[in-house]
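Peer 1: The structure follows.
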Amino acid sequence: MMSGKYFKAHEVSCCIKYFIFGFNIIFWLLGVAFLGIGLWAWSEKGVLSNISSITDLGGFDPVWLFLVVGGVMFILGFAGCIGALRENSFLLKFFSVFLGIIFFLELTAGVLAFVFKDWIKDQLNFFINNNIRAYRDDIDLQNLIDFTQEYWECCGAFGADDWNLNIYFNCTDSNPSREKCGVPFSCCTKDPAEDVINTQCGYDIRAKADSEQMTFIYIKGCVPQFEKWLQDNLTVVAGIFIGIALLQFVYLKHLKQTKGCNEDLLSFATF
């Protein structure tokens with residue numbers, strides 16, 4: 001007769017196994033969705049029909065984020081799902097190592113961000129300014145910058161004058177653009193009474209005095225605004241990262257318990 005202890009251990013092992021299987025099915029499907037969105041976006045922009053255009057964009061293409069995240073989720077979800085269901089030791093080891101590497105990279109990134117925060121700030125400034133130059137080159141990048149400036153209520157990396165880096169918004173005499181000495185509409189302060197977005201609200205705004213600019217646009221840069229948000233929400237951000245790290249650690253610890261579940265079910269049924 002099978003003991004209660006064995007039955008309980010068997011139940012726990014199988015529950016963990018099917019929990020891992022179910023979790024990774026969802027993870028895998030999300031990866032497929034991210035990859036699908038990325039490929040669809042590239043198809044709409046004609047990148048798939050002209051692969052060489054991938055390198056034409058001077059700034060960051062947000063589609064890469066969907067493709068990379070989707071690819072990692074797809075590979076991890078597939079390995080974890082099939083590895084747990086079929087008890088394939090190679091796939092489970094691959095899944096464990098991959099998850100362990102991600103866990104290590106998260107810890108490393110957290111430590112480096114704290115130790116080299118000034119360098120991180122300089123790199124963030126360089127990244128934002130580089131994308132300001134390419135603002136009109138890609139619609140996805142444009143939407144990402146507009147969303148960032150609206151969400152953080154900021155303009156440019158450290159101020160509205162950073163938009164001098166863009167050929168359409170700079171204040172040089174040789175600039176024929178109607179947007180000369182202006183900023184994108186996402187830099188404009190919002191009027192709650194306006195239902196329709198005025199996309200021309202930033203025209204010629206930087207030709208005005210600083211005191212006048214404050215009335216119409218955000219004068220703070222996105223880098224300081226991000227720092228302020230991080231300080232105000234440090235506990236929440238730290239809690240999220242610690243929670244993710246603990247979940248990964250517990251996940252890795254219990255992966256080995258899935259081994260032998262099918263054999264236990266078979267032996268229990270025949271007993």
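Placement of Cβ uses the backbone N, Cα and C atoms for every residue, glycine included.
Per TrEMBL, transmembrane segment is recorded for 21-43, 63-85, 97-116, 234-252. Residues or ranges marked as disulfide bond by TrEMBL: Cys154-Cys187, Cys155-Cys171.
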Peer 1: For Cys187 (disulfide bond), what is the tally of other C-beta atoms lying within 10 angstroms of its C-beta?
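Peer 2: A count of 27.
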Peer 1: Please identify which of Cys154, Cys155, Cys171 has the densest Cβ environment, defined as other Cβ atoms within 10 Å, among these disulfide-bonded residues.
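Peer 2: The residue with the densest Cβ neighbourhood is Cys155.
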Peer 1: Between the Cα atoms of Cys187 (disulfide bond) and Cys171 (disulfide bond), find the distance and write it as a whole number of Å.
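Peer 2: Approximately 17 Å lies between the Cα of Cys187 (disulfide bond) and that of Cys171 (disulfide bond).
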Peer 1: The transmembrane segment (21-43): which same-chain residues, six or more beyond its ends, come within Cβ distance under 8 Å?
Peer 2: 63-64, 66-67, 69-78, 80-81, 84-85, 140
Peer 1: What is the interatomic distance between the Cα atoms of Cys154 (disulfide bond) and Cys171 (disulfide bond), given in whole Å?
Peer 2: 20
